[in-house]
Ligand SMILES: *Cc1c(COP(=O)(O)O)cnc(C)c1O
């Protein structure tokens with residue numbers, strides 16, 4: 001087997017996610033044979049540093065020996081069992097663990113098998129909670145501009161990235177969207193904190209006006225990842241928690257991308273010392289091994305569904321692979337790694353190294369901003385640094401960086417004109433330098449005309 005033969009077979013039968021397949025007439029698909037740590041290897045023996053954690057899922061490297069071991073042991077015992085009416089050890093242990101490590105007040109865990117499904121569950125549960133309380137007029141959601149919550153219709157509706165959403169507009173429920181605290185747009189000299197506070201006014205007014213018909217506000221805490229790694233200050237979450245309490249509206253924290261240490265704390269909500277009413281987890285939950293997601297919620301929410309069957313208040317939602325045993329084991333091993341090693345402390349060192357390696361980008365004539373929250377660092381390319389005029393999207397500058405980086409053995413997958421690093425936590429300082437060096441030359445090449 002070599003790259004070429006597998007690519008040929010692939011293109012005959014496979015339709016890839018988030019891709020214009022015609023691009024692959026020019027842009028070679030990369031068939032991966034194996035992975036180890038931050039490195040992926042193709043069938044021709046080329047190696048690629050996975051600087052984006054394979055779409056933000058991988059935390060402790062590919063083929064991590066400890067996670068491998070846990071999944072293998074589970075495989076020989078029980079691969080999967082129906083979770084309706086049945087249970088198993090891994091599902092129980094993981095739910096206990098998640099209740100223990102997530103912010104206080106989150107006491108019940110509902111499983112699904114991917115991030116979008118977790119969002120659908122949180123939306124349905126919130127609506128259904130109010131309905132069970134006799135308040136079915138509460139049927140709307142408030143979302144932030146530039147947010148992303150997944151691709152299924154409900155998740156797409158509460159998201160706000162035009163590229164993914166606009167085409168399907170006629171299929172989507174109406175939501176109320178408010179100004180994003182995204183600090184890229186702050187005034188010169190204004191702090192993240194001041195800007196985030198200022199932007200909260202729109203949320204406050206919207207809640208004041210619509211609270212009676214709103215079930216929940218949904219946000220990505222601290223970083224709007226798919227929206228271009230746009231970042232904001234924790235104070236926004238503090239204000240939001242207070243306002244949601246005041247107006248009797250749920251707060252849904254979508255920590256699918258930012259959870260499990262990406263922002264510097266285990267969960268991003270911790271930086272605002274808040275507890276949401278619903279927390280959605282997926283991606284890093286299994287260390288990037290298996291599709292699994294969880295929605296954590298409060299006992300108050302749970303109790304509103306708990307009643308005699310005849311009263312028809314139950315949450316009748318399921319997915320076939322809910323609480324899959326292999327996924328739960330991978331998740332337990334992943335959380336075990338956080339607890340047996342000083343991961344968050346070590347990440348502080350790595351985050352500093354990333355910041356240092358990206359220092360030179362700040363002066364680049366086509367870089368408007370270098371921003372960082374913990375283990376996520378983003379570089380915003382623009383046509384004009386002074387006016388921040390963006391490059392026309394048709395020019396696909398980010399794609400040029402992607403292609404160049406691949407030729408140098410680094411997997412970067414820019415979001416439009418935003419180049420970012422979101423590596424697995426097993427990356428070394430010299431690998432961080434390599435990643436930044438390749439990105440630098442890629443950006444030089446992509447911005448030279
Ligand atoms: C990836 C992502 C989702 C969707 O998760 P899938 O598993 O891809 O369906 C939802 N919210 C956020 C913030 C994400 O980054």
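The backbone N, Cα and C atoms fix where each Cβ goes, glycine too.
Values in this document were obtained by computation on a predicted structure and should not be read as measured data.
Checking the candidates 44, 182, 254 against TrEMBL: the one annotated together with 115, 116, 319, 320 at the pyridoxal 5'-phosphate site is 254. The candidate list 55, 192, 440 contains one residue that TrEMBL assigns to the substrate site with 148, 283, 318, 413, namely 55. Counting only same-chain residues six or more apart in sequence, the Cβ atoms lying under 8 angstroms from the Cβ of residue 318 (substrate binding site) belong to 83, 84. Checked against ligand 1, the binding-site residues 318, 319, 413 give no residue with a Cβ under 6 Å from it.
Classification of residue 283 (substrate binding site) by DSSP places it within a helix. In the three-state DSSP scheme, residue 254 (pyridoxal 5'-phosphate binding site) falls into the strand class.
When the C-alpha distances from residue 413 (substrate binding site) to the binding-site residues 254, 319, 320 are tabulated, the minimum falls on 254.
Long-range Cβ contacts of residue 320 (pyridoxal 5'-phosphate binding site) within its own chain (separation 6+, distance under 8 Å): 113. Look at the binding-site residues 319, 413 and count other Cβ atoms within 10 Å of each Cβ; 319 has the fewest.
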